[in-house]
Structure formats: C-alpha cells, structure tokens
Amino acid sequence: MANQLILLKKDFFTDEQQAVTVADRYPQDVFAEHTHEFCELVMVWRGNGLHVLNERPYRITRGDLFYIRAEDKHSYTSVNDLVLQNIIYCPERLKLNVNWQAMIPGFQGAQWHPHWRLGSMGMNQARQVINQLEHESNGRDPLANEMAELLFGQLVMTLKRHRYATDDLPATSRETLLDKLITALANSLESSFALDAFCQQEQCSERVLRQQFRAQTGMTINQYLRQVRICHAQYLLQHSPLMISEISMQCGFEDSNYFSVVFTRETGMTPSQWRHLSNQSD
C-alpha cells in the first residue's frame, strides 16, 4: 500500500548497533494503522483500547501481550487510559547466542501466535526486567547495548515462562482473581457468564471484584465481555461464511436481532454492512 505509515529504525534507535530499546506509551493515544522496520513486544499495563492487528480486532486490557513482526499492520482506537510499553528490537542486530525462535513467536519465520496473556506474577517480573532494560537502552557507556540485549534475553524467557493462551490459565496457577476472571470471560464467548457463581466458586466478594476490575481496566465486567464478543463477531463476519444468526450464537447472543442492535451501537454499522465493507477491502 503506497500510503502505508511505516515506523523507521532511525526514529527509535540511537545508532545502527543498538538492537533493542523501550518505547513508553503513558498513555497510548489513538494511532493510525502502520507497519515497522523493526519488531516489537507490546505489554499492556492498564486501561483498555481496541487493537486491530492485521485487520483482526482485539479488545485489550491489563495483562495482554502481543508479539508483533515488522510486516504486521496494526492500529489503536477507542482508547481509554490505555497504558502500555513497546519493547522494540531488530532481529538482525541481536548478537547473543540465544535460541530466539524458541522464545519469540514469529521470530524470523518461527510459528506465530501473536496474542497471549500474563498474570499478575508474570507482569510484575516482566516489569522489573523492562525497567532495567529501559535504563540500559538509554545508557551511553560502552557496555549499554550488550547489557540491554542480555536483559532482552531475560525478558523473552520470562514472558515464555509466564504467558498463557487467553482462554487457558493453567490449573496450577497462583494468579489473582482478576486474572482468573479475565480467563473465565474469554471462555464465555458462546455462553452466558454468571459472576455470582464465579464469586461463589472463588469465595470472593462480587462488589469488591467489580471495583477491582473497573479500576484496572477502565470498564465494567459486562462492558468488557460485550466488547470481546463484538470483536470476535467482527472477525467471523470478515473471515467466515457463517450466517449472521450463526455468528450471533457463537458470540453469546441467543437473539440475532439483539445482536444486531448491540453490534450497530458498538461499531456504527450493522453486521451486514460490516461484512460487506470488510469484503470490499480484502
């Protein structure tokens, strides 16, 4: 695409030897679709927003982790106090003898699964390493680049150790109620979610959990679940031949008319209009 925005190495790296650096987004504003001359890891700390990656929408919030390749197209819209960090790196500049392909999904042709989650424990450990990495990447002493790359290696290993699929928090996990709740919501795309039953199972206060969720994500629990379902519906409308009534069922809406009302309110167009517009742009 001739008018595609491309983020350039020279605007982010201090010199041609620097392999990795950190770009803070406190907060992340709306950002038009773009690609890069480099790769990046995206770590979401707080708030929420709509992250569209290669035309697939994701409603993101605390704990979301993305592995972005240079050629990937992505953008940020509908942001609400969204705080994240981009750890950006140039694969060809990495010198450390590490099996990067085993650590980073999509690294130089490795199998790519872009979207993961981190629980609170993983986030805390990653944040400590990122803070050190940011300090070294801004350093000017002769060993700063080498130290930054060592810390990057530690970071990608930490992320691999703690990441999990969005709907599959390990049964042995010691993560917080908030992490368990977000995983439970991801497992409720096609069925109703009963918060009272969840709280009874976890022996926690429903009122306190609602407050914690809103404080960390900027949304209510129902708003988040609705947004996740609508994102899934957008993807199915564009990439599957399913009828709208079938998509409605797969996204937790038993009434297709109600689904259309909610979809239109959230996106500004009907499901049919979305599908038509998406097919035109393909």
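Each residue, glycine too, has its Cβ placed from N, Cα and C.
So that you can see what the record holds, here are the features copied from Swiss-Prot:
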type: DNA_BIND; residues: 196-217; note: DNA-binding region
type: DNA_BIND; residues: 244-267; note: DNA-binding region
type: DOMAIN; residues: 179-277; note: domain 'HTH araC/xylS-type'
type: SITE; residues: Glu246; note: site 'Interaction with sigma-70'
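Take the CB of Glu246 (site 'Interaction with sigma-70') and look out to 10 A: across all protein chains shown you find 13 other CB atoms.
Following the DSSP three-state reduction, the secondary structure of Glu246 (site 'Interaction with sigma-70') is helix.
Each residue in the domain 'HTH araC/xylS-type' (179-277) gets a DSSP state, and the totals come to 73 helix, 0 strand, 26 coil.
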